[in-house]
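Participant: Quick one: the structure is below, and I'll ask about it shortly.
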Amino acid sequence: MDTQQQQQQSPVQGAKVLMVGAGGIGCELLKTLALSGFHDIHIIDMDTIEVSNLNRQFLFRRSHVGLSKAKVARDAVLRFRPHINIRSYHANVKNPEFDVDFFKQFDVVLNGLDNLDARRHVNRLCLAADVPLVESGTTGFLGQVTVHVKGKTECYECQTKPTPKTYPVCTITSTPTKFVHCIVWAKDLLFAKLFGDKNQDNDLNVRANKAATTSKETDDVFERAEDEDIEQYGRKIYDHVFGYNIEAALANEETWKNRRRPRPIYSKEVLPESLTQKNGSAQNCSATDDDSTVSSMPLLGLKNPQELWGLTQNSLVFIEALKLFFAKRKKEIGHLTFDKDDQLAVEFVTAAANIRAESFGIPLHSLFEAKGIAGNIVHAVATTNAIVAGLIVIEAIKVLKKDADKYRMTYCLEHPSRKMLLMPVEPFEPNPSCYVCSKTPLVLEINTQKSKLRDLVDKIVKAKLGMNLPMIMHGASLLYEVGDDLDDIMVANYNANLEKSLSELPSPVINGSILTVEDLQQELSCKINVKHREEFDEEKEPEGMVLSGWTQSPALNGESASTSNNESASTSNNESAVDVTESSSGPEIASKKRRLSDNDKRETENVESEDDDLMEIENPITVSKKKRRVA
Amino acid sequence: MDGEELTAQETALYDRQIRVWGANAQRRLTKSHILVSGIKGTVTEFCKNIVLAGVGSVTLMDDNLVNEESLNANFLIPPDENAYRGKTVAEICCDSLKDFNPMVLVSVEKGDLSTRSTEFFEKFDVVVIGYGSLATKKAVNEKCRKLSKRVAFYTVDCRDSCGEIFVDLQDYKYTKKKLEEKVECELNFPSFQEAVSVPWKPIPRRTAKLYFAMRVIEVFEENEGRKHGECSLLDLPTVLEIKKKLCEANSVSESHIPDSLLERLITGTIEFPPVCAIVGGILAQEVIKAVSGKGEPLKNFFYYDAQDGKGVMEDISNSFTS
Ligand SMILES: [Zn+2]
């Protein structure tokens, strides 16, 4: 054995490593670690195996569908490297058993995660435990690997993460211009209204038409009488959302001054008098169907999910899918949330989005495409995951050898930049204004008289700061905490506090107050300076509060769908795909390294927060603009 | 595109990658036939990737008997001597690969690649030579070029923590996405023989040193009749002698190729698994591009060196001299 390899082997063999995630990157990583001589590998993953994983998560077979990824991956790798120690945990990395002490036993942590939330959590635990982290992500042919060593390089949260694509409410409810707007409407409004929790807030107009309003102000067309014929009910909904609501919107001339006017569509224009006679009824389909396989497509003679359906076909699918929900899945109505693996839900949402798109003159999409947008499905291929896993191991070995000068972040590009397909970049130093690793205070603008503590907990502490088990203090006064060990009186107190406005709390939080927010599991504590503000712009600041100096977390709903297609695949046709294609074709990289004093904000980059292989990609273009030095 | 549609089973299995390259590309993939020889670490990675991607068939050639050394960097061989004794590397790897994706036909072809007739290669759309000798690479590439159909030709080689890929797609047309439009493009690739005969002097100085270093090692193994990787530090003087001659013949200074790099290449004979994963991944991506006709292909060399972390593409053709 040559000297180079000997040097590589010794720190490797003695190392204890933690892998978080046994999915697309995880399978490749576990294999490459084992081949590279790692002897002690622990792996956490809460997921079970699905069919759509099998094209790239090569340690899994069809017979493994439904089993723990971590466990099956372990067993598969032990088959070709039987004498190493691999320990699997079929669990959520955010579980309390994975605390700072758990993390401290490892020499390095390697992330192959699929969501920002878990990444931030692991980042904080690595900082608290002072264990180096190698972080990764892929989407399509793009990928990246970064190294985070406390005090030496920036932490995962030092850079502002991109704002997820969110759409103003009125774009979704009244003025859609893109297919994704129609999908969000169909999924988050219509589907939720029809099949989801009735008590949930919903911006869909449910009031019956004008004639009725004089008599019964509160008529909700979505209420279905016990004996109402399902098809009639379906047509009523159809006419209401695609016909009447559009007509009502058209009445507001101001809205359409500079916009294309939508066309109301009524069921009688597109559908025959009675579908039941024409197609036979939904009840004809096999009684053995389980929920996830119930489908309206066979009834309508539709086979190919990639085929584009016209208005009539979409309308038929709309009615048939709705009928099937009531005929076959009645018990679930009222509790359903959209799930990309729920065939009937995908059919319904595709049809509804397409009918709305037709109405607004937006190009229609196939079920396959609509499913990708609605389900935020990441584009994933085995090759990028394999490459990224190789890069992770190379960085992990440098970390174990404490070869700090050689740490690199590496980008996998789809189109070469300065001849490079794999582009190494020197890591940044920690950002002195990072609230996670540098404890810089945050500023919160909020209406302290109107906003409740609950709003602060939900919208800021959980959603934006990513805390799992938060505790909120104002001076010495404890306003709120979460935990198993609280007594009933405390819980009652905290619950009462949640419903109070900030200024009414036992220790009033007003302009100039400083709050301390802590997560004991993550060992993260931050200070929030409160600034009172009366008014917020409903469209631009829908949360009614503004936090500055933080790293943004993605919306966990379909609103971020449009950011999911950020590669130049033919199947994606939104503009973000084009951006990446164009811009990565020839950036120039300046040779100045960023210093601690160089505080200019780095641009935000694309983030994916997807179901599966997660991804988060930093757009390579920004690298060039930001004067990172290429190694 | 004509041809039958993907089955529901294929659509479900390949869902995530169809979202990357589209259903037409997937259909072309499922009809492609790939020949692979020299199954060490990097080629193992490559095979895994294309089998997962769902090509039509993969034919493996490697008559070496499995031994301790072949286990290194190879996750397709279970380390059970009773299971592999007497079997060739291709046979054992074939069994494992079949398991990865039952929809891909994986088979073994016995014999020596370099003695195969031109007609033999007609069955394939892609030929990949792993760790081949200079003579084999030249001869097979010429045979592929004689056929009326275009056979995409690749070589791959990894030494120490470095890797090289060579690509010959002859005259190749592809579509590229520019803004919203699809643009038709054409590239003309030199053969392996042409590419390695390009005079060094006009080649830009910033070109990867590995290109030149690999040519030196190639000539060394050819002259000395060595198998791939059959070398050690003891060979350094001979290798440096060859380097000197080649540099003189090309009228470039000897500093063109660092001695330390040559030393790494002849001493690092054990494959480094992370580099196998990286180079095998890039190679598979290129083959997928070429088969599906989508995306700009790599022209015509790719180099990766874990020491500086760069993965660069070098276009080595006579364009420098013209
Ligand atoms: Zn930080």
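Cβ coordinates come from backbone N, Cα and C, glycine included.
The ATP binding site annotation in TrEMBL covers A:21-26, A:Asp45, A:53-56, A:Lys69, A:114-119. Under the heading Zn(2+) binding site, TrEMBL lists A:Cys155, A:Cys158, A:Cys434, A:Cys437. Residues annotated as compositional bias 'Low complexity' in TrEMBL: A:559-577. According to TrEMBL, the feature compositional bias 'Basic and acidic residues' maps to A:596-605. Summarising the annotation, TrEMBL assigns compositional bias 'Acidic residues' to A:606-616. According to TrEMBL, the feature domain 'THIF-type NAD/FAD binding fold' maps to A:7-435. Annotation source TrEMBL lists domain 'Ubiquitin-activating enzyme SCCH' at A:320-371. Feature annotation from TrEMBL assigns domain 'Ubiquitin/SUMO-activating enzyme ubiquitin-like' to A:444-536. For A:534-631, the entry in TrEMBL reads region 'Disordered'.
Please situate the listed features within the shown structure.
Facilitator: Listed in sequence order, the residues of the same chain lying 6 or more apart from A:Asn55 (ATP binding site) and placing their CB within less than 8 Å of its CB are A:Ala382.
Secondary structure at A:Cys158 (Zn(2+) binding site), as computed by DSSP, is coil. All protein chains considered, the CB of A:Cys158 (Zn(2+) binding site) has 22 other CB atoms within 10 Å.
Along the domain 'Ubiquitin/SUMO-activating enzyme ubiquitin-like' (A:444-536), the predicted structure has mean pLDDT 90.
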Participant: Just name the binding-site residues among A:Asp45, A:Asn55, A:Asp114 whose Cβ comes within less than 8 Å of a chain B Cβ; none is a fine answer.
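Facilitator: Filtering A:Asp45, A:Asn55, A:Asp114 for a Cβ under 8 Å from chain B leaves A:Asn55.
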Participant: Sequence gap of 6 or more, Cβ distance under 8 Å: name the residues on the same chain that satisfy this around A:Cys437 (Zn(2+) binding site), in order along the sequence.
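Facilitator: A:Leu127, A:Lys150, A:Glu154, A:Cys155, A:Glu157, A:Cys158, A:Pro430, A:Asn431 - these are the non-local Cβ neighbours of A:Cys437 (Zn(2+) binding site), listed in sequence order.
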Participant: Distance between A:Gly24 (ATP binding site) and A:Cys434 (Zn(2+) binding site) at the Cα atoms, whole Å?
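Facilitator: Just about 30 Å between their Cα atoms.
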Participant: So which of A:Asp45, A:Asn55, A:Asp114, A:Asp117, A:Cys437, listed as binding-site residues, have a Cβ under 6 Å from an atom of ligand 1?
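Facilitator: The ones that qualify, in sequence order, are A:Cys437.
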Participant: For A:Cys434 (Zn(2+) binding site) and A:Asp117 (ATP binding site), what Cα-Cα distance in Å is obtained after rounding to a whole number?
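Facilitator: Between the alpha carbons of A:Cys434 (Zn(2+) binding site) and A:Asp117 (ATP binding site) there are 17 Å.
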Participant: When DSSP states are folded down to helix, strand and coil, where does A:Cys434 (Zn(2+) binding site) land?
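Facilitator: DSSP call for A:Cys434 (Zn(2+) binding site): coil, neither helix nor strand.
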Participant: Determine which residues of the same chain, besides A:Cys155, A:Cys158, A:Cys434, A:Cys437, have their CB within 8 A of the center of the CB atoms at the recorded Zn(2+) site, and list them by sequence.
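Facilitator: Everything else in range on the chain: A:Leu127, A:Glu154, A:Tyr156, A:Glu157, A:Pro430, A:Asn431, A:Val436, A:Ser438.
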Participant: List, in sequence order, the same-chain residues at least six positions removed whose CB sits under 8 Å from that of A:Asp45 (ATP binding site)?
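Facilitator: Those within reach of A:Asp45 (ATP binding site), by Cβ under 8 Å and sequence separation of 6 or more, are A:Val20, A:Gly21, A:Ala22, A:Gly23, A:Gly26, A:Ser68, A:Lys69, A:Ala70, A:Ala73, A:Ser88, A:Tyr89, A:His90.
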